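Peer 1: Annotated domain 'Glycoside hydrolase family 29 N-terminal' per TrEMBL: 1-329, in sequence order. According to TrEMBL, the domain 'Alpha-L-fucosidase C-terminal' annotation covers 340-428. The site 'May be important for catalysis' annotation in TrEMBL covers CYS258.
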Amino acid sequence: SWSSLDARPLPAWFDEAKFGVFIHWGVFSVPSFGSEWFWWYWQKEKREAYVKFMDANYPPGFSYEDFGPLFTAEFFDANQWADILKASGAKYVVLTSKHHEGFTLWGSKYSWNWNAVDLGPKRDLVAELATSVRNRTDLHFGLYHSLFEWFNPLFLEDATNAFKTRKFPTSKSLPELYEIVTKYQPDIIWSDGDGNAPDTYWNSTGFLAWLYNDSPVRDTVVTNDRWGAGSICAHGGFYTCSDRYNPGHLLPHKWENCMTIDRGSWGYRRDAQLRDYLAIEDLVKQLAETVSCGGNLLMNIGPTHDGRIPVVFEERLRQVGAWLKVNGEAIYGTRPWRAQNDTVTPGVWYTFSPEEGKVNAIFLNWPISGVLELGEPQAKLGETQVKLAGYKELLKWVALGEKGMVIALPQLTPQQLPCQWGWTLQLTDVN
């Protein structure tokens, strides 16, 4: 039952990790135009831009299935991907094992001739990435899996029957889930795409009961909340609530902000402009806000059909990693503090490091005056110490009445700054 499944404590590693990388990769990476929902927008909604794009660039009668053999992955090097993931400072990765198009990135027995082993790359892409991530990094390996498939005839038949029949989940979706768990033993099952069908149609509680009690990953696995219509933000492991969910305040339940570096799409798109990509300043801000409010950040990239991580995504990931090298203590393994952001100075977000008893104040703007005023911490004369992460000397400060303090930041040249996009003050012995 949901009540017993929801009572399962979330394995501790997930909350401690704080930061993961999402990878949207599939046949949609071939047209790489508009969105990973290309097939739906073109064939079902018949959106003008998509119809025009196909008319202009492909022969008459060209079907979405014809993109399958063109998903080639000839430049896919799982070791290189793993090294980039490691450099990002992420603690977990989630790969789309199957999106709503139904194409599986492993040689699924239940997706005959519509998978990466039978068609296209003729390789088990899930196995290759899982192996490299486990051999070369300490990241947890996770898999995204779409419950429904837009144009699968069995799903469409069940939908026509108002989900009173269950041909699709019993012959396709559930067997795939059991298959990827048994075969790849992921630490995350990131479910998505309920097709407006209830969790009883998907038998989500039955699958999760097996996953938590009898599966090979029962002790480590975490799941999200997308297990059928009405379960999002209500049932499952951590809550996602919606895409790009960032409430800006503390939530009582563990949650995750899944978002994209490309504002317009989850999959790679050739028509993206530079302004469509979030800058590193935006990403650091998202990370600080999310973690201070008790969430994890799952930052998405979209590789190309030939298996490359586009350079702009690699750069952003390496920049986040460089920032975390200096400021990681304010992120990994932290807990939310009593205040999430500052009451006096905007753009200051707090986290708490329980082992050291440190309050971390992440500030996103370096004040022109060289003085930072904080309204929340209560300092203690002769006891409170203030450090800037990545800088050796202790900083001078004065208390402001009952609550609050003013901190003198060191006078540094741009070259001397410990990092460029957001800084951390570490406060010990404050109330």
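Easy rule for this one: first residue shown is 1, then count along the chain.
Glycine residues also receive a Cβ, built from the backbone N, Cα and C atoms like all the rest.
I'd like to know what surrounds each of these features in this structure.
Peer 2: As a whole-number mean, the pLDDT of the domain 'Glycoside hydrolase family 29 N-terminal' (1-329) in this prediction is 98.
Across the range of the domain 'Alpha-L-fucosidase C-terminal' (340-428), the DSSP-based residue counts are 0 helix, 36 strand, 53 coil.
Summarising the environment of CYS258 (site 'May be important for catalysis'), the number of other Cβ atoms within 10 Å of its Cβ, over all protein chains shown, is 24.
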